[in-house]
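Going by TrEMBL, these are the annotated features:
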TRANSMEM  B:34-53  transmembrane segment
TRANSMEM  B:60-82  transmembrane segment
TRANSMEM  B:123-144  transmembrane segment
TRANSMEM  B:164-182  transmembrane segment
TRANSMEM  B:197-215  transmembrane segment
TRANSMEM  B:227-251  transmembrane segment
TRANSMEM  B:257-279  transmembrane segment
TRANSMEM  B:286-310  transmembrane segment
Amino acid sequence: MVIKSHCKKIEILVDAPLWRRIRDQAMEMASDGYTLQPTLGGEGARGRWFDDQVTGGAGSKVVFTTVLEEEAASRFLDALEPMLEAYGLMVTVTTVEVVRAVSGPSSNSD
Amino acid sequence: MESLLSPVILFFVLGALAAFARSDLAFPEPISKALSLYLMCAIGLKGGILVAGNGFTTDLLLAAVAGLALSCLIPIGTFFVLRGFGRLDATNAAAVAAHYGSVSVVTFIAGNQILTDSGIPPAGYMIAVLALMETPAIVVGLILARGGTNLKLQSGNELLRETVLNGSVVLLTGSFIIGLIIGKDGFEPVAPVFETGFNGLLCLFLLDMGLLAARRIRLARNLTARLVLLAIVFPLVNGTIGCLVGAAIGLDVGTTTALAILAASASYIAVPAAMRLALPEADAGLYLSLSLAVTFPFNITIGIPIYTYLAKLMV
């Protein structure tokens, strides 16, 4: 059995050394979990960057993805606001339909 | 001149030229990471084995105190020059100063090899001095950034993990201790991995570092002529101070040169990540470009021969 619900998927491009701070904020907002993805490089308002694996991650970025209920997402985005400029975050928010399995009573149970 | 024609330097130059010429030469990043781990492990082991053979000497203690003092004092002078002549704000000046107070492991490894090939190998205990000099500059840099008052770290545990438990510090210190424990006899079975291939793998790593440094300078923004000049003057001044200190405490030529290399080098592994955590408002592109794209190539190609010459004059 599955249930469907509308949630907010938040994706944040963040400097590799700083992603744990984003995770901590997300967990405070009742996030169930998150996913990290590596990046190869890119270009933005602060110039070009690339992942070199040598400079301790200072020049590297990761994409942090989490899915939250609408209210929690709103609180999470409010909490991120002071970090947007200082941490140079790029945040995108999309509305998604989340499909989750719900375990029902087992037919084999006694 | 001899050191300029060593394979290590020539491979570095090849990498830099290839990147400037926009060649498609590239090094797979995981291999580059693996090479850096191998080199740190090998150099740590060798240092530990040498100390195990010679024991803990007064020279070791003096070099350790000198290294710690340099690591604490260099960022202070650097900070005020960056604020004045470099026209940087306090946060950026402190972040850059912390890089110059700390050390570059790769510069040290390359210098160590060049000195050994020249017949003036530095004492093995300089690996311990290297590890000691990695972190104090970070603390001094943070104090400078906060104007000397109300030092409050945003996340103490996180910063501690990035500094004291930084991968390069853990591997260098750990390998050094393993070398101390196993000694020369215990090293023999693993020597083919850590000795036979060392020079060749160092060449490959320097090839990659040449590519990386040149790419970094091509992407550098906010680098003014004044800052580039300082990124060359800082290693020259700090290296000379390192030579003076080494000679004053009675170190031999090779070890004095190694201390000068440590004083002259700027970190681009441990400190950038720590600064990104502690001073996120500082411009990471700025401090990475200065330390990796200007000071590192300068030290590798021109600085090391100069410090060697000065050490020979002073010792």
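Glycine is no exception: its Cβ is also placed from the backbone N, Cα and C atoms.
When each of B:60-82, B:197-215, B:257-279, B:286-310 is checked for Cβ pairs under 8 Å to the transmembrane segment (B:34-53), B:197-215 comes out on top. Taking every recorded stretch in B:60-82, B:164-182, B:227-251, B:257-279, B:286-310 and counting its Cβ pairs under 8 Å to the transmembrane segment (B:123-144), the highest total belongs to B:60-82.
With Cβ pairs under 8 Å as the measure, the transmembrane segment (B:227-251) is packed most heavily against B:286-310, out of B:60-82, B:164-182, B:197-215, B:286-310. Of the recorded ranges B:60-82, B:164-182, B:286-310, the transmembrane segment (B:197-215) has the largest number of C-beta contacts under 8 angstroms with B:286-310.
Cβ atoms under 8 Å from those of the transmembrane segment (B:286-310) belong to residues 1, 3-4, 9, 12-13, 16, 92, 95-96, 99-100, 104, 106-107, 110-111, 114-115, 118, 120, 206, 209-210, 212-214, 216-217, 219-220, 222-223, 227-228, 230-232, 234-236, 239-240, 242-243, 253, 257, 260-261, 264-268, 271-272, 275 of the same chain, restricted to positions at least 6 beyond its ends.
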